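Taken straight from Swiss-Prot:
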type	residues	note
BINDING	S18, L19, S20, T70, N95, D110, Y230	shikimate binding site
ACT_SITE	K74	active site, proton acceptor
BINDING	G134, A135, G136, G137, A138, V228, G251	NADP(+) binding site
Amino acid sequence: MTQDSYLVGLIGSGIGPSLSPALHEREAGRQGLRYHYRLIDIDRLGVGPEAVGGLVRAARDLGFDGLNITHPCKQLVISHLDTLAPQAEALGAVNTVVFEDGRAVGHNTDVTGFAASFARGLPDARLERVVQLGAGGAGAAVAHALLTLGAGHVTVVDALPERAAALAVALNRHFGDGRAAAASPDTLPKLLTDADGIVHATPTGMAAHPGIPLPAELLHPGLWVAEVVYRPLETELLRTARALGCATLDGGGMAVFQAVDAFRLFTGREPDSMRMLADIAELAGTAAVRH
């Protein structure tokens, strides 16, 4: 018998403004489901990201059906799970945990979420040379999505050089030598002069982490600029890029399409992505999500 009641949650830092509860609960309500989505904010709990394992175990013991995982726990959570779906294993990052027969199974819906959003929002973007800011959990997913979409070369830039290097090695192992490289932030002026586009995949610009992730003067109209941050939908980076005439993509589409895949994993039911795109534009107080 298909169940009609679900308890899920989100573990992360600074997640108070998250729209995930409303996105999931609205769609569930339209499908006649009782669906409760709870925020488990490590900042409010007064614990560090290393507590993610205990939080996952507690959720399982309390009868949760699944969890979403966000910054800064997407990689730390892996050692606390029973098994990983192939894509999560390839990425080394998990954003969705499903509890199945007492086992915690890690998935990653960020890859398909970003790929679907990019294909819809920037369908004509050149992908020969892409610069990506961020090599964390979201960054790993975005880089996989870019190369899956056919990017010729992705250069990963991160404040932690060893993290960027490790991601580049993993990408080349998965997609073939020469498809990815790591670079330090001080090389951005040269990189962006030659690039077709830039993807931002760090927390900078989120409500809890305001700011812009690179010097604004490095942007130019020849770049497309894609963002993974979705709260706010218009980050300082996107506002600056749009004013310069860059084609831009906000993080709303990725948020919706990864939620679509997570909802399907949690419930076994097919959500309506178009309704959810309308939801996020309404919830964020703007019609900025144009897909």
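Cβ from N, Cα, C; glycine included.
Neighbour counts of Cβ atoms within 10 Å were compared across the binding-site residues L19, V228; the minimum falls on L19. Long-range neighbours of S20 (shikimate binding site) (same chain, six or more residues apart, CB within less than 8 Å of its CB): L10, Y37, N68, A255, A259.
Among the recorded positions K74, A138, G251, the ones whose Cα sits within 10 Å of the Cα of Y230 (shikimate binding site) are G251. The Cβ of G137 (NADP(+) binding site) lies under 8 Å from the Cβ of H71, P72, C73, K74, Q75, L91, A93, V94, N95, D110, each of these being in the same chain and 6 or more residues away along the sequence. By a simple count of nearby Cβ atoms, those within 10 Å, the most crowded of the binding-site residues G136, G251 is G251. Comparing Cα positions, G134 (NADP(+) binding site) lies closest to T70 out of the binding-site residues S18, L19, T70. When the record's shikimate-binding residues S18, L19, S20, T70, N95, D110, Y230 are compared pairwise by CA position, the greatest distance found is 16 Å. A gap of 11 Å separates the Cα atoms of G136 (NADP(+) binding site) and T70 (shikimate binding site).
Spacing of L19 (shikimate binding site) relative to V228 (NADP(+) binding site) is 14 Å (Cα to Cα, whole number). A separation of roughly 8 Å, to the nearest angstrom, links the Cα atoms of A138 (NADP(+) binding site) and T70 (shikimate binding site).
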